[in-house]
Amino acid sequence: MGKCQAVFLLVGALCVLSLAGVANAAENHFKVQGMVYCDTCRIQFMTRVSTIMEGATVKLECRNITAGTQTFKAEAVTDKVGQYSIPVHGDFQDDICEIELVKSPNSECSEVSHDVYAKQSAKVSLTSNNGEASDIRSANALGFMRKEPLKECPEVLKELDLYDVKAN
């Protein structure tokens with residue numbers, strides 16, 4: 001009889017813990033963080049002459065993988081160190097979520113590359129069912145490009161051993 005009670009007690013405890021996990025999963029809160037920079041050499045990555053951008057606008061958009069419908073959208077503006085933070089409530093396991101550049105505060109550095117190979121957005125995973133323990137999601141840095149590269153760019157590219165790459 002004692003063995004049977006222990007089994008029932010164990011099963012009951014597991015059920016309670018399972019329900020607590022389900023209740024907690026419904027309360028997913030994430031924070032998406034990232035930064036925006038000015039790509040002063042027009043090469044799609046940061047260099048020592050890149051500058052951070054205060055006042056740049058980005059948007060986070062999630063779309064359902066199968067239906068393609070928008071399930072979440074939010075915008076944020078970068079602070080004085082070029083960083084943004086977007087609070088997100090909910091779990092978007094069945095979605096593709098991306099950060100995109102929207103608006104630059106600098107008319108000299110406001111182009112977004114539309115080349116096929118260029119990084120036009122930063123994907124983030126907004127689900128607690130992916131093995132990430134933290135609720136903070138870090139997006140890759142995104143950059144607006146200057147209309148013309150800085151005169152220092154050929155030297156910068158040479159320092160990086162990128163002799164065949166030309167700042168365009």
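Every residue gets a Cβ built from N, Cα and C, even glycine.
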Disulfide partner of C62 per Swiss-Prot: which of C15, C38, C97? C97
Considering the candidates C41, C109, which is the cysteine that Swiss-Prot reports in a disulfide bond with C153? C41
Compared by Cα position, which of the recorded positions C62, N64, C97, C153 is the closest one to C109 (disulfide bond)? C153
In three-state DSSP terms, C41 (disulfide bond) is classed as coil
Could you check which of these disulfide-bonded residues, C38, C41, C97, C153, sit within 10 Å of N64 (N-linked glycosylation site), going Cα to Cα? C97
